[in-house]
Structure formats: C-alpha cells, structure tokens
Amino acid sequence: MRVGLYPGTFDPVTNGHLDIIGRAVKLVDKLVIGVAINIGKGPLFSLEERVEILERETAHLKKIAEIEVRPFDSLLMHFARDVNAQMIVRGLRAVADFEYEFQMTAMNQQLDREIETVFLMADPRHQAIASRLVKEIATLGGDIGKFVPPGVAQQLLAKVGKG
C-alpha cells in the first residue's frame, strides 16, 4: 500500500491546501493528513476544530483513496514512520517556499533516506493563499470567500468576531 503524509498546521485549511490534498490522493492508496499541534504558532482554531474541519472538507475524496486525519506533535520523520508513509507531500507556492522546503527535505533525508518528499506546485489560482493572510483579511473584515471553503469562512469569521 502506498501511503503519503501531508503535514501542516491548517489554521485554517485553505483552498490551496485542499487542492494539494485533492491531487495527492491520486498518487497514493492512503493519504494521512498530519495536523501539527504546533503551540508555538498560537493557532486560532483548536486542534480538535482543525481535525474536524479537515475531515469534513475531505470527506468527498475518500472514494479516491483512504484518508486519515491525525494530529501529531513529534518530529515529522518519526510521525511519517509511525504511519508507514513512503512519501511526504508538500505544496510549493513560490520560490521562498522552495528554499525552505529544500532545506527541510535535506534534513529529513538525513533522518530517514527511505521516505521521499514529493512536491506539488500550487495551482496558480491558489499561489498567493496563506493561512496567516486569510486570518488577517478576515480580522480586518475582508472577503475571504475565494480563499477558503464556505464552512471554513463561516467558522473563521465567527472566531474573529465578524460573523
């Protein structure tokens, strides 16, 4: 069984994340979406909310491949081994992403050479989307409808007191 791991904080999940997930499920038999606890980033959504949102927003993809949404707070490569992943899936939006991901991949290869990293280029419609910016736009009362699914927009606007 080909198992891929798509890790992230997903605070909130965006249309860009969902595009990568929708393409990644076509490459594997099972995709584990690893939700990083990452308290250092001070997430707006709780871990439970992020897991629930991802389960809801990816439910329609389960007919393509098995999908499992799991939180993790360990080293990524340890988590990848725990879920028997042969590959880590990462999305690239811009050159800055590539530089960071290149460095992370080099370090991860030192930790486990058996686990490959696969990069998927962001769809041009989603290249500018970043969770941090979506939260900022929502907080300032802007329209986030192009950046996140309707259910996520509703939850985010409620969180920032605009819904």
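Cβ from N, Cα, C; glycine included.
According to Swiss-Prot, THR9, PHE10, HIS17, GLY91, LEU92, ARG93, HIS126, GLN127, ALA128, ILE129, ALA130, SER131, ARG132 bind ATP; the candidate from GLU101, GLU116 that the record adds to this site is GLU101. Among the binding-site residues GLN127, ILE129, SER131, not one has a Cα within 10 Å of the Cα of ARG90 (substrate binding site). Cα of GLN127 (ATP binding site) to Cα of THR9 (substrate binding site): a distance of 18 Å. Neighbour density for LEU76 (substrate binding site): within 10 A of its CB lie 20 other CB atoms from the protein chains shown. Mapped onto three states, the DSSP output places HIS17 (ATP binding site) in helix.
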